[in-house]
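What TrEMBL annotates here:
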type: SIGNAL; residues: 1-28; note: signal peptide
type: DOMAIN; residues: 106-272; note: domain 'NIDO'
type: REGION; residues: 280-305; note: region 'Disordered'
type: REGION; residues: 348-451; note: region 'Disordered'
type: DOMAIN; residues: 539-769; note: domain 'Nidogen G2 beta-barrel'
type: DOMAIN; residues: 770-811; note: domain 'EGF-like'
type: DOMAIN; residues: 812-854; note: domain 'EGF-like'
type: DOMAIN; residues: 859-902; note: domain 'EGF-like'
type: DOMAIN; residues: 903-939; note: domain 'EGF-like'
type: DOMAIN; residues: 948-1018; note: domain 'Thyroglobulin type-1'
type: REGION; residues: 951-972; note: region 'Disordered'
type: DISULFID; residues: Cys986-Cys993; note: disulfide bond
type: DOMAIN; residues: 1026-1094; note: domain 'Thyroglobulin type-1'
type: DISULFID; residues: Cys1064-Cys1071; note: disulfide bond
type: REGION; residues: 1082-1108; note: region 'Disordered'
type: COMPBIAS; residues: 1098-1108; note: compositional bias 'Pro residues'
type: REPEAT; residues: 1164-1207; note: repeat 'LDL-receptor class B'
type: REPEAT; residues: 1208-1250; note: repeat 'LDL-receptor class B'
type: REPEAT; residues: 1251-1295; note: repeat 'LDL-receptor class B'
Amino acid sequence: IRPLEALPLPLPPPPLLLLLLLLSRAGALHPDELFPYGQSRGDQLLQEGDDESSAPVKLASPLRFYEAQFSYLYVGTNGIISTQDFPRETQYVDDDFPTDFPAIAPFLADIDTSQGRGQVLYREDTSLAVLGLAARYVRAGFPRTAARFTPTHAFLATWEQVGAYEEASSRVPPSEELNTFQAVLASDESDTYALLLYPANGLQFFGTRPKESYNVQLELPARVGFCRGEVDDSKREGPYFSLTSTEQSVKNLYQQSNLGVPGVWAFHIGSTSPLDNIRPATVGGDLTKAHPSPPLEQSFGPTAAAERDYTEDNLDYYDENEGEVEYPPGEPEDAWNGHSSIDVSFQSKAEPRPLGGPASPLPQLTASDRPLYPEAESATLDPQTKEGRALGGVDTPGLNGRVKASRQQGTRGPAPSEIEGDSLDPTRGAPPPYADGGAPPSEEGAPSAHPEGKAVLLNYPVPAHTPPLGRGRQVLGVEDVIGSSTEVFTYNAANKETCEHHHGQCSQHAFCTDYATGFCCHCQSRFYGNGKHCLPEGAPHRVNGKVSGHLRVGHTPVHFTNVDLHAYIVGNDGRAYTAISHIPQPAAQALLPLTPIGGLFGWLFALQKPGWENGFSFTGATFTHEMEVTFYPGEERVRITQTAEGLDPENYLSIKTNIQGQVPYIPANFTVHVAPYKEIYHYSDSAVTSTSSRDYSLTLGTINQTRSYRVYQNITYEACRHSPRHPAVPTTQQLNVDWVFALYTDEERLLRFAVTNQVGPVEGDSDPIGVNPCYDGSHTCDMRAQCHPGAGVDYTCECASGYQGDGRGCVDVNECAAGSHRCGPNSVCINLLGSYRCECRSGYEFADDRHTCVAITPPPNPCEDGSHSCAPAGQARCIHHGGSTFSCACLPGYTGTGHQCADVDECSENRCHPSATCYNTPGSFSCQCHPGYRGDGFQCTPDPSSGLTPCEERQRQAQAQHAASPGSRPHVPQCDERGGFLPLQCHGSPGFCWCGDLQLHAVFCPWLTIKGFFVPICSEPTQRPRTVCERWRENLLEHYGGTPRDDQYVPQCDDLGHFIPLQCHGKSDFCWCVDKDGREVQGTRSQPGTTPACIPTVAPPTVRPVPRPDVTPPSVGTFLLYAQGQQIGHLPLNGTRLQKDMAKTLLSLHGSIVVGIDYDCRERMVYWTDVAGRTISRASLEPGAEPETIVNSGLISPEGLAIDHFRRTMYWTDSGLDKIERARLDGSERKALFHTDLVNPRAIAVDPIRGNLYWTDWNREAPKIETSSLEGENRRILVNKDIGLPNGLTFDPFSKLLCWADAGTKKLECTLPDGTGRRVIQNHLNYPFSIVSYADHFYHTDWRRDGVISVNRDSGQFTDEYLPEQRSHLYGITAVYPYCPTGK
């Protein structure tokens, strides 16, 4: 009797008994063990089709989903249930979670039940058999909170033998891979639970291909999970819970379970009690992360997946090389093996060591050393009373028992009360430790080997040496340590931050000091700043930024957005130069008096008198500068906000400026003069204020007008409050601006400011002293040197840190070449102007000093040491995923799970030619042509030397076909004694006979009726008279001498001599349509690369006119271009942030599918590949420009594209031809660089400075990244380990890094051009397609989000995303600079 047989349960049994019943079952879920279904059970049948939705099902009793109550349900073809009707499938089927509507998704994919390929059934049920079976599952999965759950209603939806959507094809039969799965929603008056069931062999396909992928090979794994949908009118993303994100995690659905029965998954999905998110059962299964509703500003949340380990955001420690690994199933029957005694050990998932320090087995909890949490007690079976009793169970504080607050805003794991894991009283000792003292290797987190009779419930690690607690509720004191491991957080009274843990917040040119209440950063000698940002004294500095404004100039409104600002400061004499480009002329002219816009940089980097400090010494590189300026006499008022956003990788200050208000009109050609002035600045802990008035004059010829304005300034910044204020720095300082210059040039469209600044005492506060040249900037030191005052007017010059010379002349020190760097062994030194940086080689990581590289101790590799459980090496391969995790995959020619692989009988698949014999061998097969034929077995042609006639050859071929497929009944021609075709040919019996000519074509003949059968009367075969087409063809061939040239036309005739509707001129691409008499149909002649659609005797339909594909000119500045199907989009950047509200369509290309895209910065041209038109085209970014096709032949699937603006060449990949080619930018001088050892070439990138070419090949069997010279020489593999589907590739000319986005490993990684220094930037991507780098950010298109995602290169954090209003897949992406990168 099966333990899960659907019998009514009047009284709920003890939870442990349910668990034992479930775990004692044998193997995976059998298809017969699904909940009963079928139309005989009352199921309704969903209409067959590709995107069907049921009518609303009115529930007899409402069910709860999350916090809400619903009375209607809808069932969709695509493996989904909702509380509302579905949108069109293109709006959600190919997208990742979350959806914007409520969703219960047992298998969300593009499913099609057309033409009888399966069925979808659904019903509401109140039978005792169904409710009893649902109750058993729920009570077993939630023994503490649902021990007495008694459902009153259940809703069942079953997808039986359904198939994936496939494009219709007459040549390829529909796939035989069909899926069966079921969802059951059981509810009582207060709670709803979901059961997802996947029987053994019920999942034969694991994802579907997007309809918009065209011939770009791509398959998206099915999504499984729950989503609340948008929760309010603000379209805020609601909470969601995702169980899968990779193909392997989908496979795990029928192999694993979270309640002990492989293929069965249970979830608490709704309640009258607060339920922040879905709560999964945890008995013997792997948990996932949940995603609560984010705040309004939330834009990102990591995808929760059943197979994924946890990241830095919620772990005490993590492996930065760990990817998204899969966790194949445990074997419950092996764990229990019929023993009634239970020993539960708690082990971490896929970790080489426990939380508590060095490698050792995790401590096994016993009844005596478990901490008691009354609110988290678990029920076990008392051997005396046979009833449930409370034990001191451990309710782990996170999904994996690891303690750390989530740093991801808007996301969190379940609270302790949300975890349903049971702690069962162990009755036997702990299993012995692994031989090497660590955890045994596990296949992707599967249960480790353990002694017979030991049941291991995974994912409950506990802190090492947890102190026992007394009875009653215990509260940790503020000084209590959570665990003795130094890697676990501790809490103290002040929660004090110290240098030991936070020195990384300091600049690399600073030191960290601990104080009573915390730590502070202080710049080292010869550097200045606030400690978090330090710059070298005496060196010049640069500022980059954007300026936007909404002004009224007089009474005229003027607007400008994200125009460029650049500033250059000579630090050793206080000069600051500022230039702002492309401000409209009326506004630029009116802004001339507002020298404080550039004056900010003068104050920041002012020349410092002894004992006085400039602004940067206080603020560092993050602050806000607000000004309010009132003009007189008109009292116009304008507000200016300048926000500093840190230093970029080159130590340039990034700043954003916004100008709002009204300014007086200044006529053109007037010049503005501002006299030198002085300002008093007042300093407090985190703010600086100043108020002053200034006069300025407007002059033109003899006209001279004087006006004035008053300016209020407020600068706020974050100061370190832990260190005592420096007593030597007064709270009031004076800024002397000795020279002011303002100019606007209409030709260059540049607004310029220049000031010279000194900061010192307020006049009158000190006795006047002689002015040293160091203090007034009159010294002759190099601009990269620091001036040191001496006695009187004497001074000396010293080159700034990172430069060398006599101080009058300074040049950059190449610390890398000179050996003066601090980069340790196993690191790479990279020289920068005035500095350098260190990068660790592959296999090493930085020590705490951020200069020394220490080896990353590689964990045990089960694939190398043989401890894996894969099939023999000749049948399967072991794939290492880091740590002790691995997966198994059968080799080509074998099929199975990877642990067990069986030979594929290719001969049953008719792989050989019909005139060949197939021989199956282990893992392979061979084909051999029949006697009388020659070839390789895959293609066989009659052997002329055999002496067989055409009839004998056809006869032998038909006989061989019948021998290979006994069930087939091909026609076997009848031959006469001379080997010719008999006039009378029959098929099987006299009822199927006809007369044939010399070529076996049927001909007209009289018939006789003999015993009820029609029998043709055939004369001797005669030759069919030649048709017009055949006669014309023969005449032309004779005229051409038997062999026409490639450019000579020869009519094309079919087997019956009729004209083929499509005629082409020789081997060219010039084609046209003809009627039945061979006459050209007017208007059908095509250009090369375009084939007309021809219908015999009927002209093709007229093509409707489409809009001109004119270029809409982009705005000035840096922006991104992305390909989205039939258009190219434009997305501006403000610094590195996405200006989403400024995005627009740059170019519309009707009928195209744009994939690859790149930009020629020299001629301002955008280039793209088109897989629909099989062309490469370009267009200027000038207004009204039209596209120009430059390559229109010899292409099948052009994808990746790269432009070399130095050499004026382009490079592209063709995944249809498996080629990499090169041509000039006009399409001339075309050359194939590589056409061998390529399987699926996709992305391509060029380094024009060093002359290197890089490309990816996402061959699933052996993916790789290769490189060569730009001439195709020195080809070599750069990366071929630990990569999956390298879709995107970019070379960053600034950091000199080659980086790629991998849709298989979900990682963004970078390496140096020689393949060393490989490091992971981000390891939780969704499904990247293309990537580009700019400044310190990466931007990639994503097929899950259908948008552009930005990632910070240094932190690896997602920083922003842009989702176009029109949702469809985005392909290539490139960055457009306002200049060309230099070759320095």
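Glycine too: its Cβ is placed from the backbone N, Cα and C atoms.
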Completion exercise
Near the repeat 'LDL-receptor class B' (1208-1250) in space but 6 or more residues beyond its ends, with Cβ under 8 Å, are 215-217, 1156, 1158, 1160, 1162, 1165, 1167, 1169, 1176, 1178, 1190-1191, 1194-1202, 1256-1262, 1268, 1270-1272, 1275, 1286-1291, 1293, 1298, 1300, 1313, 1330, 1381, 1383
Completion exercise
Sequence-distant contacts of the domain 'EGF-like' (812-854), meaning Cβ under 8 Å and at least 6 residues beyond its ends, amount to 320, 503-504, 508, 536, 539, 650-651, 784, 800-804, 1296, 1311-1312, 1315-1319
Problem - Nearest-integer angstrom distance between the alpha carbons (Cα) of Cys1064 (disulfide bond) and Cys986 (disulfide bond) - result: 39
Problem - Model confidence over the domain 'EGF-like' (903-939), averaged pLDDT - result: 82
Fill in the blank from the handout: Across the domain 'EGF-like' (859-902), DSSP labelling yields 4 helix, 15 strand, 25 coil
Problem - Residue pair Cys1071 (disulfide bond), Cys993 (disulfide bond) - Cα distance, angstrom, rounded - result: 41
Exercise for the section: Specify the count of other C-beta atoms within 10 Å of the C-beta of Cys986 (disulfide bond). Expected result: 16
Handout entry: Surrounding CB atoms that lie within 10 Å of the CB of Cys1064 (disulfide bond), all protein chains
Key = 16
Problem - Residues in the repeat 'LDL-receptor class B' (1164-1207) grouped by DSSP into helix, strand and remaining coil - result: 0 helix, 23 strand, 21 coil
